[in-house]
């Protein structure tokens, strides 16, 4: 359960030294504690007066206090370290998320990223808290105690020493079998739990089919089966704890009996016997501690592995940065040569050798069936994917290998099907690209995006909180807010991914009236299935299976009976006879 | 606290179930603790007695046997205790799971909308796990520690009243005072942290889902700032709790140190009469040590109570709300084959916590076999309208009737009257054929296959290695959105009900897939009554009537061809939808 990558965390070596020193002191205080307690008990046993034991008792108490004071100090030092480490991990994770961008985030799963950033980081912290302390305690404390026991009573020392490898041996034998099983059961549990949640999600469907009541019995049955299988597994899984406990207690019992016999023989005195007996449980304690938190540390270790694998994911980044590109105007040009991207080495999903040339305030439509590569194109143009090496871009004649660079992205705005609204006020959302914008400009942008009526209808106007936990915003209004973002920061290039397809037809109609005038002085790159949008474009790229199969002006293309014509007919379907 | 337990229906009743097993678990737990104390006690006595050098080893025969017995007993009983307690708790959790299911079943139609909690189900499922922990990690250790504590005090009382009193005071601090302080401090901190955690979740969601905008905004610093905004406050609060915990554990352990010293002094004074009595001093003193492992964790066991309490509260609230929902379904003898019409008569609907009605005075009448489309922007109440038709919610005003019977009185027959096709059909994590058979469990395999071929899926399924027995979510096979809808349609075909409600089944599909799907729907549902909620005009020409909903009322109404002829707005929309230049 120790992870090699642990050693790369800054500050860990210092921590190890500190904890090691403390562990040594703790081991000695354990010895002192047993020593003075034994002498106090011997005094009492010899029927001496209580006053004879005042010093032993006092020293015992001091040693006892020191011992647990050290535990307390160790906790704090370790916690400080893991606090800092987990904070750093979180920052690194966020930084990485920012660099990875939407594509990689989607691939990792946004839910999973959030889980890692919240629960995962906590688990890592817990893991760091446990692993270093427990490992070092196990590595140091028993052995110092053992040496002391040897000095005082060699036979007891021998018993303790011999039991240790036996425990380890049994733990390994049983542990491997049991852990496999208990990990399996852990999986079973997630499966059953998912199944349960899944059935709850399907409740509505079950009810519609009149099956919901019958399924209740099913839930109970599945759960009971899980209980039975869990118990079967526990019978074995708990054996490793059992062995550990059994060997510990039984060896204490053995030590006691051996000592008893030797005391009767007179070959040992009471003091060393008591000392050995008192230290025996402490000798085993670090081992028991180490074994106990297996699952807690396992979760943390897995979370750490996962986090590190995320941090190691390469992010899209241009090798050659644009130096001259300042703004997109009527004369600007974007030339792409052999633009290629593959999602997987093994599948041909992606796009291949796409070349095109855009000049000035052009409206470009990217069309094609689903899965033809429209979104990939858009993601490459947004710089959220890193194209293959053979790709060449030229912007105003300046060469670059990838658009994954801020010099390009700061001119972009992106309007997807569902623009993301941050939790915050409408004004904050509009000013997202330009957080320092003044209220008048924000108002103006909102007005041009057709938001005035909506905002006026709200009690708090522009200061209404939207996004998660805020007021609900309809799909059409969300699109308008995204439009206002574009207008406020005067970004010259707009990427759109099917922004109106999911809206109802009336909203779509109204939104279109707002969008068209805005498009006029922008470079617009628009992936769509909607026929009316295609008609508005100056230039069309027709994608098919990742290849660019036709490009040109839509009106001209429509007259040729090529791929574009074919696609339009298919989209319109047989339904044009109203 | 008392109030809480009086109202509770999720913990209390279950503590009375399977009492024998429960008490066995408690008993085993107590015996385990007694064994570990006994081992040290006997061992201490054994060596003290041996040190007096009895002439014969048989004198210490009984302590020797006892030491071995306690030494073996402790791990054995602990092992049995854990098995028994898990057995009991998992049994209770099975019942709780079923109960949660049955509770949610009552509100299945609207729980999603009502509680406005996307991950409510995940939360509830976690709540059950919390209850499991509540039993295993809190209730069991606390009860066994308390009972053992009482037993010890009683036994000590027999030996020496002053010593028993001394121990009683110490135990009270360890088992009562500290745990209560812990609960208070943890409860406060959890309450404070709850908002911060929720806020953190919010910020991280904004960070990951909005990452595109963050990236092109170039605001990296703000991005990281947002994601770690509450971390400092959270860390401070957690640190405070941690410090308390460390100090508490230190104090509790020092308390054990005090008990040990107290025991020595007591032994020195009271067990000082003769050698044979003083042999017990080491026994009593060493017997204190196991308390470190058994009594100190009680405070820890109490710490999570605030979390458990929240879970239990949530479950109690849920069952309180939903148990009232049971609608009395009077009509049972209704023949779904004799439906003439379904009608809404001046119906209005308002959600309890909303100011204004979402639907206002809607009237419509759909005859058997008619096809009606309802169009309108999102949030206009289209889904509410469907729920009113289904009878899963009651109109605030007006009536929804099938023939002349109120639809809310027909809930027992509902699954024979209505079929529903949702935006995203829910498919169960089982085989394709099982998913179809949910439509009608009495159907034959041939009928199910027939349904799949009617919806145009059979050819595809035949190409799969396991054909109809392929699991829906099997790796390597991923049904597309269109295919999932087709599967759901096959299910409805098997169900074979007279009225079909379509709730935007083509949303999110590309237009070509959509066209094909609509064609299939038109073919296979030819003879059914169809009420179709949609957001654009694709496929509307086959409908008998189209209604445009706007602001809770009907704005346009007519057959598609009538509307195209007479209504300019409709014409404009239609032309745009079809990409026709005017």
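Including glycine, each Cβ sits where the backbone N, Cα and C put it.
No curator has checked TrEMBL annotations; they are predicted automatically.
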**Asked** If you check TrEMBL, which stretch out of B:99-120, B:165-186, B:187-208 is marked transmembrane segment?
**Response** B:165-186
**Fill in**
Checking B:77-96, B:217-236, B:277-296 against TrEMBL, the stretch recorded as transmembrane segment is B:277-296
**Prompt:** Any idea which of B:53-71, B:300-318 is down as transmembrane segment in TrEMBL?
**Reply:** B:53-71
**Request:** Could you check which of B:139-159, B:328-348 is flagged in TrEMBL as transmembrane segment?
**Result:** B:139-159
**Prompt:** the transmembrane segment (B:21-47): which same-chain residues, six or more beyond its ends, come within Cβ distance under 8 Å?
**Reply:** 15, 60, 63-64, 66-67, 70-71, 73-74, 77-78, 80-81, 84-85, 87-88, 91, 140-141, 143-145, 147-148, 151-152, 279-280, 282-287, 289-291, 293-294
**Request:** For the transmembrane segment (B:53-71), could you work out the same-chain residues 6 or more beyond its ends whose Cβ comes under 8 Å from its Cβ atoms?
**Result:** 35-36, 38-39, 42-43, 45-46
**Asked** Over the domain 'ABC transporter' (B:342-576), what is the model's average pLDDT?
**Response** 82
**Asked** Looking only at residues six or more beyond either end of the transmembrane segment (B:139-159), which have a C-beta under 8 A from one in the stretch?
**Response** 25-26, 29-30, 32-34, 37, 85, 167-168, 171, 175, 179, 294-295, 297-298, 301-302
